[in-house]
Amino acid sequence: MRKRARIIYNPTSGKELFKRELPDALIKLEKAGYETSAYATEKIGDATLEAERAMHENYDVLIAAGGDGTLNEVVNGIAEKPNRPKLGVIPMGTVNDFGRALHIPNDIMGALDVIIEGHSTKVDIGKMNNRYFINLAAGGQLTQVSYETPSKLKSIVGPFAYYIKGFEMLPQMKAVDLRIEYDGNVFQGEALLFFLGLTNSMAGFEKLVPDAKLDDGYFTLIIVEKSNLAELGHIMTLASRGEHTKHPKVIYEKAKAINISSFTDLQLNVDGEYGGKLPANFLNLERHIDVFAPNDIVNEELINNDHVDDNLIEE
């Protein structure tokens with residue numbers, strides 16, 4: 001029996017490129033033995049609802065074509081269910097942090113080749129209160145950049161749009177009093193921002209978590225304590241090289257469970273989208289989602305070789 005694949009795509013991502021190449025994508029998957037259909041989202045939440053429906057119809061593979069927000073919605077549609085289908089990713093967004101982390105090609109046909117080759121690996125996801133995320137959760141004014149950056153600017157200059165908006169916001173940044181409990185430890189004090197990372201790539205910074213593992217069951221917790229503008233600029237420069245972890249104003253820890261609260265009204269960023277406000281409880285769900293990935297990722301330090309799946313190793 002042929003395997004069934006359902007593509008869930010954002011037709012506006014990537015300058016509408018996927019929408020134009022959809023017929024070729026369907027033909028390519030059909031030739032590879034997949035009975036394939038597609039669904040175009042129209043508004044926020046559509047991808048989650050369609051992923052849930054596809055689960056009920058017992059699709060073998062779900063393919064998310066869009067940015068990190070589309071991928072997040074698809075994950076939220078399947079995360080709570082047993083017997084989850086394998087997940088394919090076609091990166092079509094501005095930054096594509098998750099795709100970068102798994103070395104998935106940015107071109108559509110290359111990403112489809114990864115799915116067709118059939119190698120997959122199980123990765124951690126995060127649960128924040130009652131929703132899920134696959135790449136990061138963060139708080140602080142600077143973390144609002146990804147969902148406050150104008151779409152027109154993103155379409156013109158791509159990932160650099162975030163840096164432009166970020167530097168514009170730097171002078172406005174204020175520290176807030178936070179209480180962060182993580183695996184029996186507590187941080188109580190003023191901080192500019194915090195990150196909970198599941199991969200090595202966040203907002204295009206591919207070395208923000210230089211020792212990231214995608215399947216170890218731990219978040220990487222980064223807290224940037226109250227700093228002046230010069231110190232923060234220095235931290236950002238170091239972060240581009242993966243050298244920020246030893247800065248005296250940076251707390252860098254690993255944790256499975258994290259609780260964050262504040263008396264200040266603080267917005268959250270979840271996989272690049274608005275994620276509500278504090279307080280929030282975070283839990284790492286180890287190796288929860290099975291994702292198609294290039295076979296050579298097994299040689300990367302991102303994957304715990306003790307957990308390597310048989311289908312990620314060449315026969």
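Glycine is no exception: its Cβ is also placed from the backbone N, Cα and C atoms.
Remember, it's a predicted structure, so these values are computed and weren't measured experimentally.
Feature annotations, courtesy of Swiss-Prot:
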type	residues	note
ACT_SITE	GLU273	active site, proton acceptor
BINDING	ASN10, PRO11, THR12, SER13, GLY14, THR41, GLY67, ASP68, GLY69, THR70, LEU71, ASN72, GLU73, THR94	ATP binding site
BINDING	LYS213, ASP216, TYR218	Mg(2+) binding site
DOMAIN	1-132	domain 'DAGKc'
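The distance from the Cα of THR12 (ATP binding site) to the Cα of TYR218 (Mg(2+) binding site) comes to 34 Å. Each residue contributes its Cα atom, and for GLU73 (ATP binding site) and TYR218 (Mg(2+) binding site) these two points are 22 Å apart. Distance between Cα atoms for the residue listed as 'active site, proton acceptor' and GLY69 (ATP binding site): 6 Å, as a whole number. A Cβ within 8 Å of the Cβ centre of LYS213, ASP216, TYR218, the residues given for Mg(2+), is found for these other residues of the same chain: ASP124, ALA212, LEU214, ASP215, GLY217, LYS254, ASN304. GLY67 (ATP binding site) sits 22 Å from LYS213 (Mg(2+) binding site), counting Cα to Cα. Following the DSSP three-state reduction, the secondary structure of GLU273 (active site, proton acceptor) is strand. Counting only residues at least six positions away in the same chain, the Cβ atoms of GLY66, MET92, GLY93 sit under 8 Å from the Cβ of GLY14 (ATP binding site). According to DSSP, the domain 'DAGKc' (1-132) comprises 56 helix, 37 strand, 39 coil.
Here the Cα atom of GLY69 (ATP binding site) is found 22 Å from that of LYS213 (Mg(2+) binding site). Cα to Cα, TYR218 (Mg(2+) binding site) and LEU71 (ATP binding site) are separated by 21 Å.
Rounded to a whole value, the Cα-Cα separation of LEU71 (ATP binding site) and LYS213 (Mg(2+) binding site) is 19 Å. Sorted by the number of other CB atoms within 10 A, the recorded positions GLU73, ASP216, GLU273 start with GLU273, the lowest. For the binding-site residues ASN10, THR12, the largest tally of other C-beta atoms within 10 A is found at ASN10.
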